[in-house]
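Encoded as structure tokens, the structure appears first; notes follow it.
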Amino acid sequence: MAVPALWPWGVYLLMSLLSLGSCLDTLEVCPSLDIRSEVTELRRLENCSVVEGHLQILLMFAATGEDFRGLSFPRLTQVTDYLLLFRVYGLESLRDLFPNLAVIRGARLFLGYALIIFEMPHLRDIGLPSLGAVLRGAVRVEKNQELCHLSTIDWGLLQPAPGANHIVGNKLGEECADVCPGVLGAAGEPCVRTTFGGHTDYRCWTSSHCQRVCPCPRGLACTVGGECCHSECLGGCSQPEDPRACVACRHLYFQGVCLPTCPPGTYQYESWRCVTAELCGHLREVPGHATAFGIYEGSCLAQCPPGFTRNGSSIFCHKCEGLCPKECKVGTKTIDSVQATQDLVGCTHVEGSLILNLRQGYNLEPELQRNLGLVETITGFLKIKHSFALVTLGFFKNLKLIRGDSMVDGNYTLYVLDNQNLQQLGSWVAAGLTIPVGKIYFAFNPRLCLEHIYQLEEVTGTRGRQSKAEINPRTNGDRAACQTRTLRFVFNLTEEDRILLRWERYEPLEARDLLSFIVYYKESPFQNATEHVGPDACGTQSWNLLDVELPLSRTQEPGVTLAPLKPWTQYAVFVRAITLTTAEDSPHQGAQSPIVYLRTLPAAPTVPQDVISTSNSSSHLLVRWKPPVQRNGNITYYLVLWQRLAEDGDLYINDYCHRGLRLPTSSHDTRFDREDPALEAEPEQGCCPCQHSPPGQALPALEAQEVTFQKKFENFLHHAITIPKAPWKVTSINKNPQRDSERHRRETGLLRLGKNNSDFEIHEDKVPRERAVLSGLRHFTEYRIDIHACNHAAHTVGCSAATFVFARTMPHREADGIPGKVVWKAVGKSSVILHWLEPPDPNGLILKYEIKYRRLGEEATVLCVSRLRYAKVGGVHLALLPPGNYSAKVRATSLAGNGSWTDGVAFYITGPEEEDTGGLRILLTVTPVGFMLLVMLAALGFFYSKKRNSTLYTSVNPEYFSASHMYVPDEWEVPREQIAIIRELGQGSFGMVYEGLARGLEAGEESTPVALKTVNELASARERVEFLKEASVMKAFKCHHVVRLLGVVSQGQPTLVIMELMTRGDLKSHLRSLRPEAENNPGLPQPALSDMIQMAGEIADGMAYLAAKKFVHRDLAARNCMVSQDFTVKIGDFGMTRDVYETDYYRKGGKGLLPVRWMAPESLKDGIFTTHSDVWSFGVVLWEIVTLAEQPYQGLSNEQVLKFVMDGGVLEEQEDCPIQLQELMRRCWQHTPRLRPTFVHILDRIQDELRPSFRLCSFYYSPECQRGQASLLPTEAEPDSPPTLNGASDYGPPNGDPGH
């Protein structure tokens, strides 16, 4: 077998491997990644060679194809668990994204699947040319309406058992142009043919990338040249028979080598690599968790197997003698479910405290005993509260000691509160439980007899430590209802997912006797709830409860917010006061409200379920679905939208005369023949649904697996997606359907399927039931149909998100007929051209034509003509025909099949004696006429150009707007056609600021993300020139810590200034987003001291550079520092900060806006701005970093700040401010300017604490700084002069002078 035939894609793969460098030497391991919402999140994969865990890429609804252009992660070679892709819009192939992904190991699977590609609306091919192995698990590719090249993949080459794969609901193979390289005249050598699923075909991932088929024995991998790799290699290699040159390892990886077993002194970890004992000892299953890994039988494990434990400081697992002692460090652990006890299995010594809060469940004791039954010692306290599911505490059958190292409220070692069904303390009395310190507390345990508590006092040795009130006889063991006072609700407010309540203040005789309130609530479709708070008839807890602390003010009414609740659901609620009676002779006191019923507000429903469709004619589609799982109101109608989809134009590329043509169909969905779901009775509320299957009859295994997967996947979606309210309101649907359809398409992103789909109108209808008939459709055309559920509150909450289905109408039997007659024209001696018109409205696309022609007295010949061949001449050229009389007829073949034959046309071929001289006569006539026309056009063009160039530009004030004010394009000029605008970033003082892409701006980069500053359309020529001159100041700056100017577009409108894009915005916004209570918190921790010093160093470095360039900033503040994607802080802005933070400025004496809270005293007094005054501002920026961007001098007005600073005041010290930063601030705020340090001196003090990367890119470590370091003099600006650094901000100077 020839190597070139095996490897037509070898050059591509070779380049990919070269881009990896030494495959295993540079391994970078990343943990599991969940990448969603934004395409930029994919950058987290940038340095990953292996994803140790799973990789999920999902829910990118706003993405477009352009967002993925140039995005590639060639370093990624393997994923150890599974790869999941779900609803990523705009992504057409994984070919460029993961060109070298070679192995999916499947160590942990997603419900049995290692590769899941689900509902990817724009994916056209999988395109993983390097993928060579899916070691474990099946493949699920489902509901991807544009996905092709599935029939050309031999999954048997990738998987040991491909029979479990689930590949359904994708684009029909008959509609796909699944042509492999080298087939039907395609470029390259043909791919290898294999047999899979009984079908022999060429194997490829795309039309330009073959599937890898190695000519090696025993399934070995191979190089791009077909040479066999080492037996330990998997997925390919760069050198044959070299275990160091593998793309991935078949068994184990260690220090760049693939090995069958781990070397001595190393241990297997995560089934694919070897680690040292030292590294294993540092691993944690949960980062930051105390429990360390252990080594057992050559493997590094998260915990030792049963019967084994770690002894002391040893990392190795040893067999226990008898019962394994197991120490578990838990801190203070709350157990609110059986699952929460699973990490205590086998624990005998609990170092910490346990809080049991088991409110729901039935017959939990066996499972709790299995998980907690070995516990002998608790070093802290044991608190059992609100555990309505507990009847006994016997599951602590071995508990012998509660040591009391920490106690509840500093007093109680055992605390048992409000356990409505607790009856027994188990074997504690018999086992001799000891409580050496602290008290015990029992209250509100109505079924727990007092004698059990008194016995426990004796055994534990706590008798006499606690008062009678701490074991209250009236709240323990008292089944009878106590005499209580009625509480009255005074306020309630309902929302979609919450209820706000307030009730009257209850005051017992002794105010200190009132401890708290408990609010009980539950769903109650009928107003028949009782106050019983134990398990219901089904054994589950009926009431939810919430502790409410007493208000601090005695006049304030207590209240609570119940959340999260279900929309449009009736809840029963009552409140009970928890009291403690200290006086022995005092009557029992208590208070409780009656049960009230409240209904939450409606919300948008969830999506309709199980939508199906079929076609019963060429112009109709039938659609049916089931109601949403959560209606969140009364469903009043369904909004149905449908749009015609464009046919795949790529089908024209193939020559269907040479390729077997399998045509798409519009088969009837048999599910329509089943019973109408509308006729099935819904279960009555409050009753259990009946089982349709006979008792004991289970679903078939395959169907059960399918149901399980669908339920689990839908649960995953339910928890993973928060569907926002629809941005449109249903009440406006009938006002202007066309406008509303456009709005749907623009705002909700619906129906963005093909390149030309926007040319087709979106239709809509409202239907009252779960079915719709769509009429007036085009024959044999695919439609996307979206269904939204709308309830009675749709006018305020909107309808649900859409569920969608794709369906094709049936063909029209006459649509593929060729209109008119076939005509012919003789060309040459033995050739004719047959012309005919295409069917004006065919069934889908016309793929080919068939011409049946015959010479009189001979057999007919059938000629196939592809659509491309027809398009060249509008017919077919029949050549080399012998003389004689002929007849011919034509028929078209569309996606729906063959059309009807045309009527025959007769033509003849003349003999050799007849020659056509007409062509020469025509040529002699046309040539002179054409020459005269060319001369006339040239003359017109000359006069028009001369007139255009004579236009004069005048100035009303030529003395003021002189030549010196004109902007002259230079080497910074960028052609406008290289710029693409993506989205708005904000409004600057000159005009709008956009995010964009610039092509060819940087060497080696196809496109560069940039920020584009513009001038308003109504700006004068002077304003445009001033805008460009301000930007020109930045041309002199080239420092890593100053935002760079990248180019200028001065020719044409609008004028653009191209700046470096700082994706995380200004430092002030970034710091505020890191506050714990911030709504836009990105999930990042608050900055540590090292992070703060790094920010300070980067700002100081940028300011040192400006000082060396003799520039004074005059407005240094966090709002004027920008943060890049990698969190680097730079000096500069996008001209937006004054608009966003205008309150940070103050107008003094009718002049311009001044940033008084950041200004030095000499600047406030005399208007003097120097590098020393910038240092003062730097100190304020440090204060902003420490406080996460609080406003300086909070509580003082701008006038008060002016007086305070000029009188010698400085910002107050923060309690939690690091001493190092506080000292730096004090030095920056010296009132004598020359006593303040320079920026270089500041860097001298903190250089040792900056990250190593700072040395590589900073001005401070550059030769330019070292030369000028000793001679840096403060740069001064005269009072009220224009700002020296015009380019640093896009608004006017602080003193209000326009600068000219």
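Each residue, glycine too, has its Cβ placed from N, Cα and C.
Per Swiss-Prot, N-linked glycosylation site is recorded for ASN47 (among others), and the stated evidence type is sequence analysis. According to DSSP, ASN47 (N-linked glycosylation site) is assigned to coil rather than to any helix or strand. Around ASN47 (N-linked glycosylation site), the C-beta neighbours below 8 angstroms that are at least 6 residues distant in the chain are GLU28, CYS30, ARG75.
The Cβ of CYS222 (disulfide bond) lies under 8 Å from the Cβ of ARG212, CYS214, PRO215, CYS216, CYS228, CYS229, GLY236, CYS237, PRO240, each of these being in the same chain and 6 or more residues away along the sequence. When secondary structure is read from DSSP and collapsed to three states, CYS222 (disulfide bond) falls in the strand class. The annotation disulfide bond is assigned in Swiss-Prot to CYS214-CYS222 (among others) on the grounds of similarity to another entry.
With a 10 A radius on its CB, CYS228 (disulfide bond) counts 18 other CB atoms from all the protein chains. The disulfide bond annotation in Swiss-Prot covers CYS216-CYS228 (among others).
The Cβ of CYS237 (disulfide bond) has 30 neighbouring Cβ atoms from other residues within 10 Å, across all protein chains displayed. What Swiss-Prot records for CYS229-CYS237 (among others) is disulfide bond.
Marked as disulfide bond by Swiss-Prot on the basis of similarity to another entry: CYS233-CYS246 (among others). For the recorded site, CYS233 (disulfide bond), the DSSP three-state label reads strand. Non-local contacts of CYS233 (disulfide bond) by the CB criterion (under 8 A, 6+ apart in sequence, same chain) comprise LEU220, ALA221, PRO243, ALA245, CYS246, VAL247, ALA248, CYS249, ARG250, CYS258.
Swiss-Prot lists CYS249-CYS258 (among others) with the feature disulfide bond.
The annotation disulfide bond is assigned in Swiss-Prot to CYS262-CYS274 (among others) on the grounds of similarity to another entry. CYS262 (disulfide bond) has a Cβ environment of 21 other Cβ atoms inside 10 Å.
Marked as disulfide bond by Swiss-Prot on the basis of similarity to another entry: CYS280-CYS300 (among others). A C-beta separation below 8 Å, combined with a sequence spacing of at least six in one chain, links CYS280 (disulfide bond) to TYR267, TYR269, PHE293, GLY294, ILE295, CYS300, ILE315.
DSSP assigns CYS304 (disulfide bond) to coil in the three-state reduction, outside any helix or strand. Annotation source Swiss-Prot lists disulfide bond at CYS304-CYS317 (among others).
Per Swiss-Prot, N-linked glycosylation site is recorded for ASN311 (among others). Around ASN311 (N-linked glycosylation site), taking its Cβ as the centre, 11 other Cβ atoms fall within 10 Å, counting all chains.
Under the heading disulfide bond, Swiss-Prot lists CYS320-CYS324 (among others), citing similarity to another entry as support. Note on CYS324 (disulfide bond): other Cβ atoms within 10 Å of its Cβ, all shown chains, come to 17.
Listed in sequence order, GLY438, LYS439, TYR441 are the same-chain residues six or more apart from ASN411 (N-linked glycosylation site) with CB atoms under 8 A from its CB. Reduced to three states, the DSSP call for ASN411 (N-linked glycosylation site) is coil. For ASN411 (among others), the entry in Swiss-Prot reads N-linked glycosylation site, with the evidence type sequence analysis.
The number of other CB atoms found within 10 A of the CB of ASN492 (N-linked glycosylation site), across every protein chain shown, is 14. Secondary structure at ASN492 (N-linked glycosylation site), taken from DSSP and collapsed to helix, strand or coil, is strand. The N-linked glycosylation site annotation in Swiss-Prot covers ASN492 (among others).
The N-linked glycosylation site annotation in Swiss-Prot covers ASN528 (among others). According to DSSP, ASN528 (N-linked glycosylation site) is assigned to coil rather than to any helix or strand. Counting only same-chain residues at least 6 apart in sequence, none has a Cβ under 8 Å from the Cβ of ASN528 (N-linked glycosylation site).
Under DSSP, ASN616 (N-linked glycosylation site) is assigned to coil, being neither helix nor strand in the three-state scheme. Annotation comment: Swiss-Prot describes ASN616 (among others) as N-linked glycosylation site.
Under the heading N-linked glycosylation site, Swiss-Prot lists ASN634 (among others). Look at ASN634 (N-linked glycosylation site): DSSP puts it in coil. ASN634 (N-linked glycosylation site): 10 other CB atoms within 10 A of its CB, across all protein chains.
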At the level of the C-alpha atoms, what whole-angstrom distance separates ASN898 (N-linked glycosylation site) and LEU985 (ATP binding site)? 55
What's the number of neighbouring CB atoms sitting within 10 A of the CB on CYS258 (disulfide bond)? 26
Other C-beta atoms that fall within 10 angstroms of the C-beta of CYS317 (disulfide bond): 21
For the recorded positions listed here (CYS246, CYS300, VAL993), tell me which residue's CB has the most neighbouring CB atoms inside 10 Å. CYS246
What is the separation, in Å, between the Cα atoms of CYS317 (disulfide bond) and LEU985 (ATP binding site)? 57
So ASN898 (N-linked glycosylation site), by the Cβ count within 10 Å over all chains shown, scores 14
Pairwise CA distance, CYS262 (disulfide bond) versus GLY991 (ATP binding site), rounded so that it is a whole Å: 64
Looking at the recorded positions LEU985, GLY991, VAL993, ASP1115, which has the shortest Cα distance to ASN634 (N-linked glycosylation site)? LEU985
Sparsest-packed among the recorded positions, when each Cβ's other Cβ atoms within 10 Å are tallied, from CYS216, CYS229, CYS274, LEU985: CYS216
Would you mind checking how many other C-beta atoms are within 10 angstroms of the C-beta on GLY991 (ATP binding site)? 23
Cα of VAL993 (ATP binding site) to Cα of ASN616 (N-linked glycosylation site): how many Å, rounded? 54
Let me know the model's mean pLDDT on the domain 'Fibronectin type-III 3' (818-913). 88
In angstrom units, rounded to an integer, how far apart are the Cα atoms of ASN616 (N-linked glycosylation site) and ASN885 (N-linked glycosylation site)? 46
